[in-house]
Amino acid sequence: MIGQFSGILKRKGAFFGMWTACFCEVKDSEFIIYKSKENPIIERKIEICSQTVAVPIQNHPKKFKIESPDEQALLLQAESEDNVMEWILAIKSQSIKDHTTTMDDFIIYSVLGRGFYGKVMLCQKKGGKELYAIKSIHKARLVKAHKVHTAFRERNVLLKIKHPFIVSLSFAFQSLTKFYLGLEYVPGGELFRYLQKRGPLTIKEARFYAGEIGLALSHLHSQGVIYRDLKPENVLLDEEGHIKLTDFGLAKDTVNDSTTNTFCGTAEYLAPEIIRKEDYSFAIDWWSYGCLVYEMCFGQTPFYDNNKSRIFTRIEVESPYFPPNADPVIIDFVSQFLIKDPAERKTFDQIKDHRFWNHLDFNALLNKQIKPEFVPIVDDKRIPDNFDTQFTIETPCDSLATPPNSIKSNQFYGFSFAGDLASMNDTHQPPISPLLT
């Protein structure tokens, strides 16, 4: 059972605005305030549910607030910025009940990818048939980088979104030191790797991938989600050659805010409004989409430079360069998405009648009735031949890790999500996909 989290905080009084010390505890889906540790009289309780919000206060790194339905907002101050992140993580973790799943329940076949916060492993439930891409995320690294929200954001977006061209979440669980996301395993590898081998695509092949990616992005937007990290590394190919978007650590759910201003993403695909640090919305994804279609057609991104600062300058002030022999239809199509002004930039739905599509049947595409030109070779799904050998040659194991500072027990109650975990031993489901970040 995941334990509780407690400590000394200061809270701001509702009437006179004075800060007073109190002993607080996260326990059994409640945030409890006591008069003191020595005098455990309960002064206030806040029920923690899926709508509860715990966020740091901008420009005040030691302060955070808790908001929950039918409750007055609570403003608190911790001893350090790291301690703020620990409290927020503990509160967020209460939103979904825990289960008893551990990595000991899985056979680990291979490492598929690795990033700063963890890695992705190809796994199979012991006694089961299906393969999963399990992403492990170090809690201590999230706390240190003040990124505790990313694991929950990723989980929550994936729980919300269901689409044939978006990777699905099957389950989630945690240990003292890590979060684990059990993702659909997509054995065809990254579109990035295919483009590296293949080079520029034919317009027919680019049209196919652009169509499936566009349908996936449009669905995300219809659900209020800004993707914010479209790039070929985050587009996977299934065993039939269809795409799956993955990696939702940067995704933004706009249910409460229609715009945001966080500077995030990958340099070559950033929209100019992000670089200018302006408020932005869904239009940034269509800029990245234009960059990706350009890359599929011409072999590199439209504003490429080996210097990041020059990339940003080119994105802000230059028009994209097109080769002299470029197809005018492709030039016109891509240019609609690379308009500097987001208000003038086209969306996928606005441009479905463009000549680039050549009367493509989008309903047939959505239902996977149009066959891709390229079908990845998958002889044995347990052998990830379509992934980078830099990772697949690693010893397949779940490494030891250090818990976040000041954590004495497995306190992040609630991250877990069972999904179809109980039925994994005896059912056959579609193959599933990794999250490579």
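Backbone N, Cα and C define each Cβ position, glycine as well.
Predicted automatically and left uncurated, TrEMBL annotations should be read as such.
As recorded in TrEMBL:
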- 2-96: domain 'PH' (DOMAIN)
- 106-357: domain 'Protein kinase' (DOMAIN)
- LYS135: ATP binding site (BINDING)
- 358-427: domain 'AGC-kinase C-terminal' (DOMAIN)
Tally of helix, strand and coil residues over the domain 'PH' (2-96) according to DSSP? 15 helix, 45 strand, 35 coil
Which value does the mean pLDDT take for the domain 'AGC-kinase C-terminal' (358-427) in this predicted structure? 77
Secondary structure of LYS135 (ATP binding site) (DSSP, helix/strand/coil): strand
Quick one: give me the count of other CB atoms within 10 A of the CB of the residue listed as 'ATP binding site'. 30
